[in-house]
Every structure is written in structure tokens, then in C-alpha cells.
Amino acid sequence: MSSPCSLLCRLATLLCVWALCQAQLDTKLPPGTPIIQLRLAGDKHKHYEGRVEVYYNGEWGTVCDDDFSIHAGNVVCRELGYVEAVSWSPSSKYGKGEGRIWLDNVHCSGLERTLAQCESNGFGVSDCKHSEDVGVVCSQRRIPGFKFISTLTNNVESLNVQVEDVRIRAISSQRKRVPMTEGYLEVKDGGKWRQICDLEWTEMNSRVICGMYGFPGEKRYNTKVYKLLAKRRKKNYWGFGVNCTGNEASLHGCKLGHKVELRGNATCEKGLPVVVNCVPGRAFAPSHAQGFSKAYRVEQPLVRLRGGANIGEGRVEVLKNGEWGTVCDDSWNLKAATVVCRELGFGSAKEALAGGKLGQGMGPVHMNEVKCSGFEKSLTECYFNRDALGCSHEEDAAVRCNVPAMDFQNRLRLSGGRNPFEGRVEVLAEKNGSLVWGTVCSDSWGTIEASVVCRQLGLGFANNAFQETWYWPGDMSADDVVMSGVRCSGTEMTLAQCLHHGKHLDCPRGGGRFAAGVSCSETAPDLVLNAQVVEHTTYLEDRPMYILQCANEEHCLSSSAATATSSSYRRLLRFSSQIHNNGLTDFRPRAAHHSWIWHECHRHYHSMEVFTHYDLLSLNGTKVAEGHKASFCLEDTQCEQGIEKRYECANFGQQGITVGCWDTYRHDIDCQWIDVTDVVPGDYIFQVVINPNYEVAESDYTNNIMKCRCRYDGHRIWMYNCYIGERLEITLCQVTNEAAFLSNQTLFT
């Protein structure tokens, strides 16, 4: 039941929108008000932001940031058809404009219908430079019923398209297709849907429309079908053409074409309504045999996205010389972001993100000052400054792409939770010839499965996976289990793409209170091991068995230690591990304080029974020795400048790793080793895996693995070529000129 406060808030919002509509409908301005037109220009990261430009007296000019305020921003955004301004930016954030600076010292109350009504020094009276050009970020929401009105008697082609909404309307035979790739293009202007005359329509225009709807390309369509339909249907044309160059991120970035003379049924006599036919990316293209059963895997070897909460977003990473690295955000804009999105099988970019907004990467920064035309097939074809230095991972570029509407969110829901981000997982499934809602069996249900649910619903990352949901009373009619045996790899777009039992269900505990549940979060931590620290701190130690009793109790020694005498020695491969949190939220143990396990011998608590796995592998991947580390103390050992430590283990304190901090397990503490007593001399792979059981959700698990080449001669050990995640040029089974290489390495004994 809604509270009185929430009802009042909704009523106030409705009244505000109604007032905006009325103001827009009442187009008459007081006599003497200058006639102007506005547009947003410059280097944009989103299509609804930019440098404020004013068309007055036959010339485009800018607005100075002196005395500008959010009230003035609201007037600008409403004049452009947006509900309100979110923020404004001084000092030419979107680049320096050209020509006149039309307005300076602008004072608005926020109630004006046009920027020309606000107080100012007067048109053309300014002491500003273009380094003071003001910009705004508008709300994405458009004013309902907004109608574009051109005040220009000529030069209308210099204006951007300003409409309330855009859609592709499929014909009846295409309406059940998912994704919907073909249909009439319609724009909503003045509260009515209107078609566009195709006499001046180009492939570049179709390219932009398809990009808006999540498709990387466009193709021709069957004109005969639409010519027949055009004769039978009444048409309602928009009064303008459209002129896109093809590299715009949305229709709102395109310019208006010529005015169309509206003559009722005689409008566009020699043409037809515009139809677009889009080509979906490989991950979204339906297979006639299997539908969408294949998991989503980007098979692009040069560019990838990492750390994104939802499909089609993430930090941009590029493969160069076999090593993945990031892209610096200097000059990063929608054109470059759109190249990335289309390259990966998505549409155009919704947003070009800067400042490590989707987490910081590791390794080199491969590209800086990227400049794209927007037509490149790959980001690697764009110009970039090879000599630019000084970029840190705090400046990592990221993207949010337009993705096709796949109807995924209508096949899954969360029920009974305290908020929209949590609840019992319920799936829409076919039963006895009809579609019914039911639960998912919680046997084998874990964080990876939960992460697929959260991504499918557009809710970000999995925060927790629950195997009991009695505290979330869902719909009793949906208690029956309709899906069991769920096993996900984490790359799937939907839960249905994960392995599961199909029609033959097997769930001994049943649904109801034992149904699977999740809680989701828009942000997540991201743990990354510092490979260089491991490489530089590795050494061998022979340690007597009588001082390893506690370590033996915690299973930190190899199996042969069970029969070893107290006077014997164990050979230990020791090293330090420095684990960074590069994510967007703190890393916290899943278990609460009260459920931590006390270990009497070492006299400390374990907040995670297995925090890291240490393995020594043969060159063909066979495990020859192993170790593990419980998180007896997760804390902020050190942090980047300006970040305060939040977690400290002393006095049974809170455990965790703050964003921008790292936890160091020194080489000289118990269990920070691999027992190599029984290992014969040879060449090996040393591997460390953080959070191996996925107990805590992270934004990226691919960087939780570190591997090194390792040579052991029975007395000494060499550790070299350590790297995080994937490095494609290395074939670990192959040793090339290794003797010469080893002679240049640091020797550890």
C-alpha cells in the first residue's frame, strides 16, 4: 500500500509534467521576445548533453557561463523537449564554440518558456571568450506531447532532430519476431506518431536508426510488400526530412532535412513511408533450430568489455602484442564508443564513459587520445597518439551500448523481496500446454547462476545467491518447481540458456521455502592480484615439521605430511600476495561476524574458509602440488592516496578490502606457501586463484587468476613471465630459447 507521502510525490510529478505540456502547447510569447532556436553541440558523451548554442539573427553562437545556473539549464532543456536539466558545466567542457557569444550573465527563474526571456546583457553583448562556453546535461525523459517548432525561416537544415520519441513499427507478419528488426520508422511529435517520407532517405539514416535499436548494421528490404500496404493504409507524415551522416549515436544527433509540404493524402506522392531493416549482432540473431540457446560469447579477438553490470557495457580493453590493456579517456567520445559497440555486435553507444566509471583495469594503457570517424570496423583502426604518456587506470574509458529489445525481462521475475533488487526467482515456463510462473530448484544454486538472473533483469551484479527463501513469501500459485539442475558458466544472457534438466525435473527439496533466490546490486568489487609482487618475493624454505603442526591442522601441507615425523623437514615455496580491489564497491566476506569459524591452533577467525588457491601445475595442466589460504584477516594494508582505510582485523574488527586499497599477505606467515616437498625438478606453471569458489560476487572473475612460468632444479626456483588472466601469445607447454631467457632472470634461492 502506498504511503500518503508517495502519493503526494506522484501527484506533484504529474502536475509538473502537465504544466510542462501546457506551457509547450501555449506557443505564444510576449510581444518583443527575440526569436531564437537552440541546439546541443560539441564533444558529447551522451546525445542529451552538449554545448549550448543559440541561433539568432541568422547566425549560430554560444552562451557564456557567467551567472549561468541550473534554472537556466532547465529552460534550455525544456525548450529542446526534455523534462529538465540534470546539471550544467562551465569552461567549455564540450569544446570551444565558434562565432558570436550571443548571451552573457544569463539570469533565469526557471519558469521562462525560452532562453530569450531570461535576463542577460543583451544579444551579442559579452566580454567572454569561447573558453567560457556553457554546456548542459538534460534528463533523458522527453516532455509528453512535445512538438518541434522551427522558428527559422530558412537554414532549417542546421538544426538537430527534436522529437518526443522514435519507434520501429512492425507489420503484422513480423510482430512476433524477437528481436524486431524490420518495420516502418515513426517519430512522435506533438503527441502523435508520424511517418517520414522516403524521398530523401539514405542508407546512412537507416544505419543510425538501427544503431539506436541495438543493431550494428542495416540491409535492404522487400519493397513490394510495403508498396501494397501503403495503398491500403492512411498515412500521417512528419513535416521534415532527416539528414544523418551515419556516425551519429542516435536520431537526435542528425540534422533536419528539407521541409515536407503537408498536403493530406497528396503528401509524399512520389514516395513511401520510410522502412528500416536491421541486421542483429551474432549473439542476438535467432537460430531456427535452437532459438537463443547458445550462450553470449563475444568472439572478437582485439577488443572486449570488462566490468559492466549489464549486457553491452563495460570498460574497453584492447589486445596488443598478446596482452590486454585499457584505453585512456582523453578525447573519448560517442563516435569512438560507437565504433566499439558496433564492433562487438551491439548498436551505437548510449554513453561514452570516462574516469574509470566501470572499474579500473590492470596492465598497460594501450591507446590514448583516440579519434574515430565513426565508420571504422574496429577501434584498432582509429587514430591514437602513440607517444602520449601519463595516463593512469583512473582514466580508463568505458561504454554503454544500445542492445536489442529481447523480451528477456518478461520471462523472469523476483518475487517477495523488500525491494526490486531482491526476491525469490520465478520463471515463466510452459506446463500442460500453457505458460505458468514457477520457481527454480536451489540445489547447486550459486553466485554464478544468480549473476545471470541479475543481468537478465537489468539489475546489475549478483550480491548474494540464496538456497532458502522462506522469508520472501512469493505468489503461492508459483511455488511449484519449473526448472532444476541449473548450471551456468556466467556468460549467458538468460537463465534459460544455462544447462538445466529440461522437462525431467529433479528437485528433492522442492520449491516454496527452498526455492532459489537472489539479491542484486548495481556495483560490485573486483579483486586483482599484483603479479609483480609474487614474482619478486618467491623463495624456497626448508621448515621443520614440529613447528608446522597448526598449518597441518588447517590442511596447508601436502598429504605426505600426515605420515611425516616431527623431526623431518618440509620444503615450502613461499611468496607474498598483494590483492587489490579495483571495483566500485568494497569486498566483504559473505559470512556475517557470528558465523566466522574459530581456529584454536592459530587462534584466529576465518571469515572465508577458502580465499585463495595456490597450485603448481605441470606444463600440460596436471596439478602436482597445491595450497590454499583462508581469509583469517581481510583488511586494508595500504590504500591509494586520498583513500582512508576502513577495515582492520584487530579486536575482532570488520573485515574487507576498500575500493582503491589492497590487502597484503606476507610471505612469512603460515599457509602463504605451496608444499613442494614431493615435487621433482622440472618446468612448471605456478597459479594463484582468488575467490575460487565465487563466494563473493565480483564484476570480473577473469582477472582472478594469475599464472607464472616456474623452473625448479631441486635446490633453487625461478619465477618469471607472471601475468593476470589471459595472455594469448604464450603457449605454456612450449619453451623457446628458455636457457638464454633464464640467464637474464632474477634468481631466487
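Backbone N, Cα and C atoms are what each Cβ position is placed from, and that goes for glycine too.
Remember, TrEMBL labels are computer predictions, not curated facts.
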Disulphide partner cysteine [TrEMBL] for CYS498, chosen from CYS488, CYS507: CYS488
Selected from CYS128, CYS138, CYS197: TrEMBL disulphide partner of CYS64: CYS128
Bond partner of CYS382 - disulfide, per TrEMBL - picked from CYS372, CYS401: CYS372
Selection from 38-139, 168-279, 412-521, the stretch that has most Cβ pairs under 8 A to the domain 'SRCR' (303-402): 168-279
Residue among disulfide-bonded residues CYS77, CYS108, CYS118 with Cα closest to the Cα of CYS488 (disulfide bond): CYS77
Among CYS64, CYS118, CYS138, CYS254, CYS498, which are recorded as disulfide-bonded residues, the nearest neighbour of CYS382 (disulfide bond) by Cα: CYS254
Mean of the pLDDT scores, which run from 0 to 100, over the domain 'SRCR' (168-279): 87
Entry from the disulfide-bonded residues list CYS77, CYS128, CYS488 having the most other CB atoms no farther than 10 A: CYS77
Distance, CYS64 (disulfide bond) to CYS118 (disulfide bond) (CA atoms, angstrom): 14
Rounded inter-Cα distance in Å - CYS108 (disulfide bond), CYS77 (disulfide bond): 13
Residue from CYS77, CYS138, CYS254, CYS498 whose C-alpha is spatially nearest that of CYS372 (disulfide bond), among the disulfide-bonded residues: CYS254
CYS244 (disulfide bond) and CYS64 (disulfide bond), Cα-Cα, nearest whole angstrom: 29
